[in-house]
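*Asks:* From TrEMBL, here are the annotated features:
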- 12-47: domain 'EF-hand' (DOMAIN)
- 109-128: region 'Disordered' (REGION)
- 226-259: repeat 'TPR' (REPEAT)
- 370-403: repeat 'TPR' (REPEAT)
- 404-437: repeat 'TPR' (REPEAT)
Amino acid sequence: MSTATGTTPTLSRLEKVRRIFDHFDTDADGVLSRPELAFLVAAVNPSVDFTPDQISSIINEVFRSYSDFLLRGSPSSPAAGLSLPGLLQTYDNGAGDLDLDFDSLFLLPNTQNRNPNPNPNPSPDFTRVGPAWVSSPNHGIRFESTWKVVEEVEILIKARFRSPKPVKLPRDTVFFDGFSDNGWSNDTDLRGGKTKEGFARDEGFIRELREIGDAIDRLPAPEEVFDVRMAMGRTLHDRRFYAEAAYCFRKAVRLRPMDLCPQFRLGNALMGLDRPADAKECYLMALKLAESDMVRWSELLPQVHVNLGIVMEGEGLLINASEHYHDAISICPTHYRALKLLGSSLFGIGEYGPAEKALEAAVLIKPDFADAHCDLGSVLHAVGEEERAMLAFQKAIDLKADHLDALYNLGGLFKDMGRYGRASEMYGRVLAIRPNHWRAQLNRTVALLGAGDVEEANKALREAFKLTNRMELYDAIQHLKHLQGKKKKEDVGFYDWVAVDAAKFKSADKKTTGTQQLADALWIRELQKVTKLGRCSVGLLKKERERERERLDVPTANERWLVKKSELEIVLRKLLHYLTPETFQGALKAIDEKIWAVLDATGSGKFDLSMFFAIIAPICGGSPEKRKLAAFDALSRQPAKDGVRDQIARADASAYWRYLRVVYFPVQGFTDLMEINGREEQDAGVLFPEFVARFDDGECGLGVMGALVKLERGDRARQSRHSCGVCRYRIAGLMFKETACRFYLCPSCYSECKVPSAFQKEEYKFKECPVE
C-alpha cells in the first residue's frame, strides 16, 4: 500500500499564513467567511468542543477587532470576510502559534494535493473527516488502514455514549498548567481528569477495543502497525480513555524505541492517569531522544521541556522546573505558556526580578492570559508595587470573574494595605465560589479584626475551625474570647505588660535557661520550623552524601565538592520526602534565603555539599551527640578508618564556625578564635573532642543546643492548664514560673523580658517548668 513521503520545506511566515488561508477559503473568493473561519478555529483547537454560541462569540470578536481587514469576496457576496492580511495580523498579535498550526494542518508545498489519504484512486466526492492531528508531519495518518481504525474507534466511542450505560468521561480538571488552545495542539496538553478504579471500564467496550488491537497486530508491515497504534492512541487520549491510550502508545514504543513521539504521548497519557513518576520517565527518555536529533525534533523539543518542567513542579522541584521552562523559551521565545510557568516557578523560589520579566513577556504575547496576570500581581505584591499589583489582579478578574487565586490574592493585598473592608469583601467572593476554602475564611477573620468587628471575626474563625479542626484555630478562638472578656470587664490594667531590663531576670536554679540563651534558641527553632529540617533524620545526611559522591564520582580527597543549586534541590527533596510538594517549596525558599544566601555570597549558583550538610546537621532530627558527629563527619574529606573519621582540616573547621555563626546568629558579631589562637597549628587537624568543645562554645560555636532540644520536646508536649501572664495564650512545652508572684510566662515573653504591669518589682526569680 502506498505511503505519503512528502516533507514540509522551510517557508516564510507569509507563505505559511497563505497556505492556511487557501486551505480554508473553500469557495476561493479571497476572504474567509464566518463559516470558513469557524472551521479554522475548530481545526487548530482539536481539544476543545466548542458550542455554537462559543464559536459565534469568537468570530464576532475577530470581526470586531480586525474590522479594518474585512473585505467582500465578490459583488454578489452577502457579507464581508477576513482577508489574508487580516489573518496574518491575528498571528502577529499572538492569537495563535503559526508554526504549530501550520504543521498540525500539514499543508504540503503542492497545494493541489491536500488530501492526506494515500489512496492513489480516491473517489472524486470522497472527503475525510478527522481531527487536525491526523495530518501532522510527525507520525500523522499515512495508511488507509489507519483511517479505518480511527473511524472505527470513533464510532465505537460514540456508540458507547448512546448506549444505556454511557461512558462517563471526567470533567476538564487540570492537574498542572497545560497549554493554551490558541497555537498549541492537543498532543502538547497535560489536561485531563484523575481516573478512579472501575471508571469507564465497560467490559464490552474494552473487549471491542481489544479485538481492534488484535486486528492491528496482524497487519503485515511494522510501519503500518506503528502508524495505526499511534492514531488509535491519540484518538483514545482525546476522548480521555487514558489507560487504553497508554496501552497503544506502549505498543508503539516497542515498535520504535528510538522515536520521540510515542514516548512523549505515553507520558501525556500517564499524566492523565495521575502517574507523574512514570510520566517523568517517559519525558526524560523523550528529552534524551530529542537532544540526540535536534533537527528532526526541533518542533516538539520545547514541549518536552515544558511537560517535564510541569511534572517536576508537581514534585516541588521549582528550580529544576524553571531550568526546563527556560530551555523551552530559548528554543521558542513566543511560547507564552512557558513564559508564564517560568515566571511562576521563579516567584516560588524568590527570584522576583526575573519572574516579573517573564510574566510581563507572557501577557505581552497573550494579553487575555488571566493566570499570567494573576501571577504577575503576586510578584508585584511581593516587591512592594501595590498599585501595579492591584491592577494586575483586577485584570485577571476582569478576564475571568471567578478566578479564585486572583480574588484571594487581591484580598491579601488589600489586607496588607490596611483596607480591611475591601479585603473582607474579596475573601467573601472566594467563599461564595468555594465555601470550604478555610484559608479564605481565616484571612477574612483577620480582615474583620482589622476592621474592628470582633463579633463577626469570631463567627468567621469558628467556621474556619469547623472546616479544618486545627488546634491553633481553637487557641485563636479562645484568645478572642479573652479579648471580648477584657472589653466587657474593662479591666485593661491587669492585661497590660511592660518590658524590663534583662538584669532583673534571675534563675531560681541551674536548670533554668537564661533569657539570651533562650532567645537564641527560639530563633534557631524558628529557622528549624520554616526549613522543615527538624523531621529529617540526621543519619540520612551521610547516606545522601555517599550516594552523591558515587553519582558524581568525586575523589575522597577532593578539597571542595561543588554541586549546582538544581542538583542540591533534588538532594533536599530526598531528605524532605515526607513533605507535600507545596510545603517543600516553602521550605526550599526558606533554605535559599537563610542558608544558601550565606554559602553562596558571590552568586555562583554552586555550593560545597559537605559544608551545606555540616551547616544543617544541628537542626536535623536526632540526639545532640549524633548531630555534632554528623557535622564533623560531613566536614571530613578523608576516608573513614573503621567507620570513624578521626579529624578534619583546620581550615574547614574555621570556615564552618564562620558560616555557622552567620546562619544561626545573623545579628551577632563573630570572632574566629581558631584563627587568633592557633596560627602555629594551621597544618594540624581538628580532632572530634576539640570540635565538640568549640561547637558547644557560646562565643564561636552554637552553644544553645541544650535549649534547642528543650524547645523541640516542648512542641511535642501537650498544652498546660496555665496561660501566659503577658500574651494570655495557653502555654505549651516550656513555661517559666515566677517564684514570688506566681505568674507564668511562655518562652517567647520570657526571652523578651516581659512581665504583667501589675507585678513590677526590682528582681524576678524564674523557675523552668517543662510541660509533660
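Just so it is clear, glycine is given a Cβ too, placed from its N, Cα and C backbone atoms.
Curation plays no part in TrEMBL annotations; they are all automatic predictions.
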*Asks:* Mean pLDDT across the repeat 'TPR' (404-437), rounded to an integer, is what?
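*Replies:* Per the prediction, mean pLDDT sits at 92 for the repeat 'TPR' (404-437).
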*Asks:* Going by DSSP assignments with H, G and I as helix and E and B as strand, what are the residue counts for the repeat 'TPR' (404-437)?
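*Replies:* DSSP classes over the repeat 'TPR' (404-437) add up to 28 helix, 0 strand, 6 coil.
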*Asks:* Per DSSP, what is the residue tally for the repeat 'TPR' (370-403) in helix, strand and coil?
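*Replies:* In the repeat 'TPR' (370-403), the DSSP-based counts are 27 helix, 0 strand, 7 coil.
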*Asks:* Same chain, outside the repeat 'TPR' (404-437) by at least 6, Cβ under 8 Å from its Cβ: which residues?
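*Replies:* Contacts with the repeat 'TPR' (404-437): 370-371, 373-374, 377-378, 381, 386, 389-390, 393-394, 396-397, 443-444, 446-448, 450-451, 467.
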*Asks:* Would you mind splitting the repeat 'TPR' (226-259) into helix, strand and coil residue counts from DSSP?
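*Replies:* The repeat 'TPR' (226-259) comes out at 27 helix, 0 strand, 7 coil.
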